[in-house]
């Protein structure tokens with residue numbers, strides 16, 4: 001029973017990490033920019049929704065507004081930060097440092113505007129939970145799981161079956177060619193970052209509703225998501241989402257057999273060893289962009 | 001007087017750490033947010049050995065050796081292939097190191113840290129307070145700076161510069177690129193080890209939070225502000241940023257937001273320099 | 001007494017056969033030009049000889065030693081060095097340093113010596129600077145030692161590449177299109193340079209498009225087409241061959 | 001900025017000529033985490049100190065001299081604390097320093113010994129502080145004192161088999177080590193223990209694992225996000241009753257934590273007039289635990305200063321320390337404190353959450 005419950009909890013947190021992973025992967029595979037500040041947008045959207053709920057906004061509206069805000073911040077990030085940098089011929093290292101700067105800014109804007117402390121949503125329903133047989137699932141967990149699956153399916157459909165999605169994939173696969181064929185990569189990049197940011201706002205808010213909000217821990221979530229992305233094959237949304245769930249389940253179950261304090265070290269330590277011994281990656285797609 | 005001296009000592013220690021970061025990021029061009037962790041390894045090594053009775057010079061030497069080895073290991077993936085994987089291994093190294101500092105309690109004292117690290121004594125001369133310690137830290141900085149300068153002007157330094165410019169051409173000239181990079185990485189680790197040994201003995205108390213990711217990012221900020229790829233940049237950056245922090249301690253801001261505000265300023269500085277002055281104050285373009 | 005022997009080398013990239021069962025050998029102190037239309041496998045054979053790609057089958061031997069799987073730096077040490085079509089200069093380094101970095105002598109190339117034996121290193125540096133400067137004089141760039149490589153003219157850059165390859169001390173020198181893109185004056189200088197290298201006793205392997213130049217410099221010609229070595233012979237014989245002439249200048253070779 | 005530069009210059013001059021006349025005002029230092037993650041506590045502590053100083057001045061100062069306090073920010077970081085310590089000793093020449101935070105106090109302890117400055121710690125509880133420096137006075141009992149009381153109570157009233165959840169940080173680790181030691185000493189067994197990270201918000205797998213071990217009760221030593229843990233406990237059917245320490249107060253008030261216990265260091269309120277004055281001065285609804293403790297600790301320092309001056313001595317680290325140890329007992333409505341050693345002995349209370357109240361179950365005096 002313990003294992004079953006741990007498994008389910010792992011799947012739900014895996015869904016949240018999976019959404020972070022696919023949204024990061026979508027932008028990264030398209031642009032090659034290691035967008036660390038994605039974690040900052042995750043944090044920002046959670047606190048925005050919390051603040052609006054505190055003002056009496058209905059939760060659904062607060063979630064929608066938080067997503068909208070994330071879209072705007074994502075779009076502006078590409079327009080005002082990455083694009084000027086790329087135009088000035090910045091190396092990926094410079095882009096990366098700028099992104100770390102932006103992450104720091106976003107986290108601390110949150111701490112200054114809202115609260116540097118751990119906060120919880122003032123929503124009575126967040127404590128209600130259902131028991132399906134021996135398994136207990138809180139309402140926010142259930143919503144998080146369902147929405148994540150929908151978002152994942154939605155992004156896959158969008159990417160493969162819409163004109164806009166195909167255009168993005170065309171730019172991702174060959175930037176120079178896209179430029180020649182008037183696909184304007186710069187516009188496409190801004191669109192992609194807007195979409196990715198909107199998507200990452202959903203777990204940003206819902207994980208906060210389910211547990212609590214914390215201004216400074218999102219980097220760890222992002223790094224786990226990136227590990228999942230690499231293990232699942234860069235550019236593959238299904239791989240990233242699937243590996244996120246696998247990683248989260250392993251982390252959740254591992255608590256039952258070993259002291260939880262080593263789990264972070266175990267995930268990253270294994271990853272580093274793996275990279276050292278098998279740099280060509282799990283799925284043999286030797287991917288080496290820049291830096 | 002001690003205040004001024006202790007400011008200089010800490011700035012010097014961070015300058016040594018900035019040189020370490022500079023060697024990786026500026027000279028061979030690989031990203032690193034794990035230099036604080038490497039410095040932490042040096043600090044713990046020194047502290048543990050000295051608390052077991054080892055004299056300071058030996059303990060520092062051990063720290064230098066251990067840090068050089070660990071830095072080479074942790075940067076090996078990046079040296080072997082120029083891929084983005086290394087961003088993750090760099091963050092990963094930092095996270096794993098912090099986890100080890102916290103969890104390997106028998107050795108590191110865990111989250112409560114190690115206190116009562118003995119005062120440095122070399123050949124009967126003690127360095128108990130800032131007045132004496134500044135001699136030691138300045139000497140170390142001078143040695144590190146001289147090492148960096150000698151390195152950069154030697155044939156080896158020119159080789160490194162060439163590798164940064166065009167790795168394939170260096171290979172075609174019959175040079176062993178990996179070996180050259182491993183050499184820099186080892187020197188970088190050694191510098192971090194020196195910084196760690198000084199930090200541990202000067203503060204005489206270390207805990208995992210002293211070497212966490214925020215410190216690593218701070219060092220990157222210092223380097224970017226001072227300017228990468230030059231010696232002057234690695235020294236200007238730490239002194240300047242620490243001076244700004246000291247001034248902020250005096251300026252009147254509501255104290256609940258001072259902490260975040262300080263971090264916010266660092267973030268803005270990073271972005272601004274990348275956008276408008278990627279070469280920093282006294283460096284060259286990254 | 002052959003210097004370089006390539007036997008039955010085959011290399012594929014995906015479905016494309018870059019080199020198909022190529023065999024030839026080159027005698028010391030001879031100048032051999034590699035010709036053929038674009039995509040014929042000229043650069044691939046350079047890459048196989050210098051170790052930038054490993055063939056699927058076949059062997060490469062230099063001075064009787066099998067070097068098919070030797071590291072790239074091993075090969076340079078044994079005396080094979082190359083230039084690149086797109087030069088790959090260290091644009092931000094001075095002309096002098098461009099050469100200095102390529103000098104065969106490994107002295108001063110490790111961090112410990114550099115930091116702990118400063119006087120020794122300074123002496124090594126002085127010596128290497130003198131050597132590099134001499135090489136620059138040799139290629140006619142004696143007046144440009146301190147100029148940044150990026151600031152040189154295209155012709156000077158190509159000469160700098162020759163100086164770099166000489167610095168390695170290699171006996172077998174592979175030049176990838178040394179004359180392409182050069183104006184008449186610079187072109188003559190380069191041809192003169194190649195003759196000077198011959199006089200020095202270097203074995204040269206040169207990718208060259210211009211048949212007139214081939215005739216001026218080559219002792220022997222290798223003709224490649226679609227990964228095959230079609231012919232090996234004297235320049236006059238190859239150029240006289242109508243079949244090869246049709247392939248080289250003929251229609252339908254769009255790339 | 002200019003002012004501080006001027007002060008630095010002045011300090012340089014002073015340090016060159018130590019034989020300066022004793023200043024007329026009495027100056028104390030307070031090194032608190034005014035920024036960083038512990039800032040909210042630091043500010044409450046600052047109010048407590050400031051209030052004590054203001055009260056003393058309103059009553060005509062100490063031995064007729066006005067009292068002033070110089071605050072400085074440690075950010076809760078050891079290296080910043082060392083800088084701030086030196087800033088304070090060099091620029092302001094303070095003989096006594098009030099501090100907070102375990103790592104900060106441990107980092108400045110050796111400096112205090114070397115420079116003979118009295119350091120008063122009214123809040124940090126890590127056991128190492130007991131012996132960190134002869135010039136360090138703790139006005140609060142250490143973690144181990146609380147743990148010993150709690151262990152004896154638990155074995156008597158709750159059960160013999162426990163599981164421990166602790167925060168993987170200084171306070172949590174001390175709590176686990178000490179509780180385990182004392183609980184085993186009185187015949188209990190620890191059947192499981194799990195750490196959680198500082199700032200973590202997902203405790204589900206940890207809680208499940210602990211509940212699954214079926215202990216008689218759970219000892220929880222965390223300092224953050226108690227509310228989130230309480231929520232997640234609520235999702236687990238039949239989670240065992242739990243006990244906590246002084247930090248556990250936020251567990252109180254949740255349906256899932258009804259019936260839980262915690263220890264609390266006995267800390268009363270000052271008289272109604274003083275309390276009202278505090279609330280008025282800082283516009284707060286309450287005088288919190290840390291405000292009371294720092295108010296009380298500052299009063300102890302001032303009382304020691306008064307005694308030094310009364311006997312014609314000069315204010316210095318050694319003289320103040322000797323005064324504290326010779327006065328030995330400091331009684332006030334807030335606490336009754338005895339210094340047998342550097343560390344105060346104070347009563348510890350056991351409280352139980354019963355609906356809307358935290359009921360006092362018993363009061364114990366920990367052994368030295």
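Cβ atoms here come from the backbone N, Cα and C positions, even for glycine.
Among the ranges B:133-151, B:152-170, the stretch that TrEMBL annotates as transmembrane segment is B:133-151. Per-stretch counts of Cβ pairs under 8 Å to the transmembrane segment (B:235-251) identify B:7-34 as the leading one among B:7-34, B:85-104, B:182-205, B:257-276. Residues 9-10, 12-14, 16-17, 19-21, 23-24, 27-28, 35, 38-47, 50, 56, 59-60, 63-72, 75-76, 79, 113-120, 127, 133, 136-137, 140, 144, 147, 151, 156, 160 of the same chain lie 6 or more positions beyond the ends of the transmembrane segment (B:182-205) yet place their CB under 8 Å from a CB of it. For the transmembrane segment (B:7-34), the neighbouring stretch richest in Cβ pairs under 8 Å, chosen from B:46-73, B:133-151, B:257-276, is B:133-151. Counting only same-chain residues 6+ beyond the ends of the transmembrane segment (B:133-151), those with a CB under 8 A from a CB of the stretch are 5, 8-9, 12-13, 15-16, 19, 22-23, 120, 122, 127, 157, 187, 191, 194, 198, 201-202, 231, 234-235.
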